[in-house]
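Written below as structure tokens is the structure these notes are about.
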């Protein structure tokens with residue numbers, strides 16, 4: 001299925017997991033579609049919170065002129081990433097917009113002047129051999145995890161001195177159904193991806209450099225292999241399984257190491273970076289280019305599925321219109337993939353750094369009544385972390401959130417959705433666990 005040569009190679013995987021079904025062709029629909037540039041927007045709403053950590057304080061006010069790529073927001077805390085203008089033009093104001101999942105976010109609204117004049121102050125790293133200089137360039141460019149987590153990359157590449165990192169692993173699994181933005185980036189920007197990996201390894205001092213790619217992307221494996229020639233980088237073909245792209249699962253598959261409960265990948269001597277993030281690292285370090293756009297897979301129940309390079313701050317309604325509009329019967333729009341994405345409730349929701357996909361769905365499950373837990377333990381058999389979801393669910397439903405955390409390791413749950421997908425009663429497991437985490441007292 002994936003070519004004789006790959007079939008004979010060693011492959012890597014993790015324990016448990018699932019094989020989600022993809023209706024309507026899934027990844028095959030957009031996997032062969034080159035990345036197109038979306039139309040230049042006349043107006044954008046740049047969210048001031050686009051990463052894990054503190055939201056940004058605006059650096060501009062209504063009436064200000066901004067350049068393309070100009071920093072317009074600075075994080076209010078240590079953990080966070082700055083945001084930049086995705087067009088040149090005039091700031092119209094700071095307005096709230098509904099984000100994926102429902103929360104309202106403050107956004108800098110900019111009216112484009114149609115010129116796309118770049119900020120003349122942008123430049124690459126002052127000293128490409130100095131890890132501190134490299135980190136500064138990555139931070140100033142607002143680079144975050146583009147696989148969906150949106151964790152600030154400069155923080156990820158700054159482990160405490162006592163944490164020795166010997167592996168940098170690029171995540172090219174893209175195991176979420178339907179999404180192909182990383183796949184296309186691997187085909188179209190392999191040199192930048194490899195450069196970003198080498199930069200990340202230089203910063204953390206890692207000696208082992210790996211790239212994990214699922215076997216259903218043989219063309220991407222070939223493209224990265226060619227780009228890695230002579231660079232002491234190993235391509236690791238991954239078995240096709242969800243969530244193969246989860247950090248902990250990828251580390252287990254490639255290194256055999258286990259990230260301890262309650263710990264981070266750096267506690268296993270590893271740093272995991274998404275392939276699209278690696279390309280962004282290269283652009284930041286070599287040219288000083290900030291993240292002003294990203295590749296988004298627009299797919300599902302839509303007339304013209306595409307992989308689009310979309311400016312940050314563009315509303316999802318205009319992107320859907322550029323793809324011919326929704327098919328009849330669409331009752332759900334998910335930003336991201338169907339397993340870990342978040343529902344969009346407002347057509348003016350803006351694209352942010354973590355928006356890997358716009359998935360239009362005709363979802364019959366919205367009409368299906370929920371069943372009761374039968375204690376069949378199917379959820380236990382598929383959990384890639386080795387948790388007991390049925391026990392966590394029972395405790396969370398009764399409001400015993402701290403017991404779920406302490407006795408059932410609630411905080412180790414990565415919300416991958418395997419349990420909910422496999423549950424024959426279709427219980428809202430992930431939603432319940434997410435709500436339980438929010439209800440826990442802050443330490």
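Glycine residues also receive a Cβ, built from the backbone N, Cα and C atoms like all the rest.
Features as listed in TrEMBL:
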- 373, 376, 379, 423: [4Fe-4S] cluster 1 binding site (BINDING)
- 383, 413, 416, 419: [4Fe-4S] cluster 2 binding site (BINDING)
- 362-393: domain '4Fe-4S ferredoxin-type' (DOMAIN)
Sparsest Cβ surroundings (other CB atoms within 10 Å) among the binding-site residues 373, 376, 383, 413, 419: 376
Cβ neighbours within the same chain of residue 379 ([4Fe-4S] cluster 1 binding site) - under 8 Å, at least six residues apart: 388, 389, 390, 418, 419, 420, 422, 423, 429
Neighbouring C-beta atoms (10 Å sphere around the C-beta of residue 416 ([4Fe-4S] cluster 2 binding site)): 24
Other C-beta atoms that fall within 10 angstroms of the C-beta of residue 423 ([4Fe-4S] cluster 1 binding site): 22
Shell list ([4Fe-4S] cluster 2; ref centroid = CB of 383, 413, 416, 419; cutoff 8 A): 379, 382, 384, 385, 387, 389, 414, 415, 417, 418, 429, 430, 433
Whole-number mean of pLDDT values that fall within the domain '4Fe-4S ferredoxin-type' (362-393): 88
